[in-house]
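Below is one structure, written out as structure tokens; comments come after it.
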Amino acid sequence: MFVVGQRWISESENNLGLGIVTASDNRTVTIQFPAAEEERIYALSVAPLTRVQFQKGDRINSVEGWQLDVEEVVENQGFIIYLGKRADSGEEAVLPEMQLDHKVSFSKPQDRLFSAQIDRSDRFALRYRALQHQQAQFQSPLRGMRGIRASLIPHQLHIAKEVGQRVAPRVLLADEVGLGKTIEAGMILQQQLFSGRVERVLVLVPESLQHQWLVEMLRRFNLKFSLFDEERCADFDKADEDGNDVSENPFDSEALVIASIDWLESSPNRAKQVLASNWDMLIVDEAHHLEWSENEPSVGYQFVERLSKQTSAVLLLTATPEQLGQESHFARLALLDADRFYDYNSFVAEQKDYKPVADAVATLLNDKPLSNDEQNSIADLLSEKDTEPMFKVINSEKSKENDRLQVRQELIRELIDRHGTSRVLFRNTRQGVKGFPHRVYHQITLEMPSQYTNALKVMGMMGGVTKDDQLYPERLFQRMNPAAKWADFDPRIEWLITFLKNHRDEKILVICKQADTAIALEQILREREAIRSAVFHEKMSIVERDRASAYFAQMEEGAQVLISSSIGSEGRNFQFASNLVLFNLPDNPDLLEQSIGRLDRIGQKNDIQIHVPCFENSMQMILATWYHQGLNAFEETCPMGAALFREFGEELEIFLKNPQAVGFDEFLAKTFKRQQHLKAELEQGRDRLLELNSNGGEAAQALAEAIAKEDNNPHLVNFALSLFDVIGLEQEDLGEQSIVISPTGHMLVPDFPGIAEDGTTVTFDRQLALMREDVEFLTWDHPMIRNGIDLITSGYIGKSAISLLINKNLPAGTLLLEAIYMVETQAPKGLNLTRFLPPTPVRILLDNKGNDMAAQVSFAGLEKQLKPLNKQMANKIAKMAQADIKKLIGISEQKIAAKLPELIEKASQDADSTLSAELHRLTSLQAVNKNIRSDEIEALEQQRIESLKQIALANWRLDSLRVIVSNKE
């Protein structure tokens, strides 16, 4: 059936152009689409492909640009050869199908009309609206940011927009913990995916954060990443009969991959496979663990360095400021731009030069006069500007307040553009971002039960007491006494029950170390005390966790308490609760902050009450006291926690193993003194200029407001409900702004993506979606809406229709033709030309004399006057009026051909204006800021040239048509 070299088109992806068969076997066929620089592999049984065969009388284009008027079609061994005359010279010519223009597009609604494949008029209307919405969404500046299941936080949106719209972004996201670096990275990634600049993404994280990333990417962005570990990769290891390695690269099997950097550091073979796979974007979380020194970079650093050199887009995430390790900070920046950050000493000197400028900015922000030193620092940096008049306005008491404000803002903008690392480094601090609650610590001291004391004593005599045994004695006891139940005597349970009863009207999150502990606790609360509770752990599926989360989120009939394992809660935030019980204490400061971070988020309305029940004179008590009095980690975020843990870890271990040891108070005082010293260093080293650039100011606030206006958009709601109806999905309104969408037996497609067998609950309301993770949040960016639009626009739904127009002013039987043409380019996705010329529907409405009335008669206005026709009558009209319809189609082609140059000109102007402005801005900045990469400017210039070239090649095709016949009644 398929022969290498034959030409086929994709029925589901018309925009790919004309394909060439490059390979075929018993099960699959491979098609190359040169126009779009894409390749597809189809299963033979369900390949959505149509053989391309032109007929006598057709005019066809060659790949060399000349046209042939076909006079004869010859087939030879599966290949087609076209014979005819060249349109330009009239000479006889031969055109084998291999030489056909790759940019041919096929979609002939007239063929369907005349072959009795006539659709309902309301489906034609839905198709046109889908095309209009598709065009609008391609051009929306909010695309890739509005669909996130998260609150609209201005600084996050600012960073996402600033970075997400760059070509090959390479940045360091260094917001303090709790400010949403993962969300920023996700929005940047989403924009890059939507624009087509990125397809294959690798996320490297510490092992403990793998599930958090997996869950956050799915629940917040609808991105289905795959988790790669040794077990998964082992399935790809193969050897032939002779024992030769014929393994496939496992990392080539998925486009979106999450892997543990710890695992890859310890597995050179897997690291080699990662390097052998081609990635478009690399994201590294907890990048401060990549240790570097000039003479001895760590294995992890060297691995990421090699990856970053062969990957165009790189995002590094770290919460550790450079003051805790200037060398490592320099090394992370070098991963992003080795040419710019090539010498550590030069970097240190340059950073020192910016310190006085940052101080001057603080003065500007506080609306105070600038000192002479501050004026000199600013003048040195803005050497090409005459700053003297600006200083006079700022320092003069006679200046109007509004004038001072304008000059201050202009100066700050100029300084931001010249900041040494402001283009590659973004950092927001809690001091700079308002809206965080206080944290209040409550330590509950309980007597350790004799059962635990005895178990620890016996295990100690056997020489096998571990740190985990002492921190979590319930697990040790259960291991030694499988028939008994630790929950029958543990005083923490009685305390928890009493606490819950005293706070019946409050939501409480309880975090345990292990899933088994969480399961046992929840069972006791539910069965013994009839307390409404839910459990949440890593052994549950994501759907089960969503349901538990939704039950906890319900205000009236929901669970009072959610009991979660520490791993189970990763990636979940419950800011509607303000009480946290740490049933088991995390064993390092980072994990402690992660646990508190489940509640301590922007949007938390109340102070967070942190309750820690622990046994007297135990390892738990020592650790809790050190966290509180040494690090102050319960009541404040502690960015230096990990560094202090490393610095004092060995000494802490002495007191953990022997809680009675002398000198603990002195140790606490020493830790706290060091913590205060580092905290002061951090505060002193705060770069106000960098924070200002990272914050986004009023523009970021305006961006958040613009997205908020799109939430619950009535156009989206109406379109989505019509879409679900046409697809054949059942809709049940649940009230409270949610709907259940369920599959039926009469759907257009057997399996619509995103719809579960038992139905899926959806909402258009962001706040409800934040409360209920089991509810899908529908926006224009959601896969359900995007897939629905693709289903309508790329298939045959609504391509041809015939309707009755009830109008007493027109003679009965008057024929009108409504033609929808698409103007589009067939260019590589990476150019992101849809910003300037998306697939654009152009409506032409012809009367029986060929006059275009589209401007006078609106689509919506006409739609109200139309009545449906039964299929038999529609077919009869199509046959009777075939000649007139063909004549009107010919006239409509002349009309669209006349409109095309204007559309191309406007798109070219938009592209040239946008890309030239960005090019000019970067070129100007490069003269005063070394951080502007030359390769970025070169790529942008190349993009501008190629974009204008491809837009000039835009063409039109007839997408759909509706024949309208008038009647008096």
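Placed from the backbone N, Cα and C atoms, the Cβ positions cover glycine too.
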*asked:* Of the residue ranges 189-192, 285-288, 545-548, 909-912, which one carries the motif 'DEAH box' annotation in Swiss-Prot?
replied: 285-288
_Chain residues outside the motif 'DEAH box' (285-288) and at least six past its termini with a C-beta under 8 angstroms from it_ = 172, 181-182, 185, 203-206, 209, 213, 304, 316-320, 324-325, 328, 332
*Could you give the mean pLDDT over the domain 'Helicase ATP-binding' (162-339), rounded to a whole number?*
89
*asked:* Say we define neighbours as other CB atoms within 10 Å of the CB. Which of the binding-site residues Gly178, Gly180 has the fewest?
replied: Gly178
*Within 10 Å of the Cβ of Thr182 (ATP binding site), how many other Cβ atoms can you find? Include all protein chains, please.*
23
*Three-state secondary structure of Thr182 (ATP binding site) from DSSP?*
helix
*What are the DSSP helix/strand/coil residue counts across the motif 'DEAH box' (285-288)?*
2 helix, 0 strand, 2 coil
